[in-house]
Amino acid sequence: MRRGWKMALSGGLRCCRRVLSWVPVLVIVLVVLWSYYAYVFELCLVTVLSPAEKVIYLILYHAIFVFFTWTYWKSIFTLPQQPNQKFHLSYTDKERYENEERPEVQKQMLVDMAKKLPVYTRTGSGAVRFCDRCHLIKPDRCHHCSVCAMCVLKMDHHCPWVNNCIGFSNYKFFLQFLAYSVLYCLYIATTVFSYFIKYWRGELPSVRSKFHVLFLLFVACMFFVSLVILFGYHCWLVSRNKTTLEAFCTPVFTSGPEKNGFNLGFIKNIQQVFGDKKKFWLIPIGSSPGDGHSFPMRSMNESQNPLLANEETWEDNEDDNQDYPEGSSSLAVETET
């Protein structure tokens, strides 16, 4: 009976947590909807008197607004990509692993599996990175998200403002969202400023639109400052080919810690996020090279790392049955979450 109550309580808490996780997104949506009303109706249609100025303001605003909302939508609803079955323990191996009481035998099982996978990063102690929650050997740059309760390929961070994990599948969209958010706030602030001054000096009649125009400038400037800092930080990460997690915790390779292990040079670093076709850089469609399981590394020469020798292997590969080249593995295995 008590166990049933505990399970019901746990289920209720999980449900409440899922509902509450959408609150930050709802706040952003409400602010954006109000900004749309304030700019389009209260500023352009009511306050601005010149027809030509109205048209120009509205066309440019909606062009930015479309890309702003499009990238936000993609950041929210593009699901995080998880490691394929090659990295998971099979049902039989999982049963053997869980039933095995000898730690050294468990370690050997995982070492044998790691030797067949393209994994080159290790834990801080030099052990193979194993997730005991998902029962898989983590691909390079993959981490377990406690909020999403899954391992996420090339995980950057979990963002409450999009209620999603930012990783390999949607990092490009998230970066674009930051860029268009900065542009959105900047455009509003610059076009509203002159009317803000007119209202402040009393050159325009004090009507209902006054509040919306004054507050619109304040909100745009406030969000612009915070967003431009965050966007600048992520631009720096992209230029170094780092994730947020790697910036705070230096990745460890088979040869030891290397903070620039994935740094391929400025242009190639950008291409690792946006792809090599510049026509897709500003559009929120998937163009990041690779499958999220393997990445070219600076610390390995072309003979050691086939991804550097053949850039064609960077292209998306959705075949979970693909045979991976054997990679070296340490003899120690340590679970990491």
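From the backbone N, Cα and C atoms, a Cβ is placed for every residue, glycine too.
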- Query: Can Cys15 and Val48 be said to be on one side of the membrane, going by the domain names in Swiss-Prot?
  - Reply: no
- Query: In sequence order, which same-chain residues at least six apart have a C-beta under 8 angstroms from Cys151 (Zn(2+) 1 binding site)?
  - Reply: Gln82, Pro83, Cys131, Cys134, Leu136, Lys138, Cys142, His143, His144, Cys145
- Item | DSSP three-state assignment for Cys159 (active site, S-palmitoyl cysteine intermediate) | strand
- Expressed to the nearest Å, what is the distance separating Cys148 (Zn(2+) 2 binding site) and Cys159 (active site, S-palmitoyl cysteine intermediate) at their Cα atoms? 11
- Among the binding-site residues listed here, Cys145, Cys165, which has the most company in the form of other Cβ atoms within 10 Å of its Cβ? Cys165
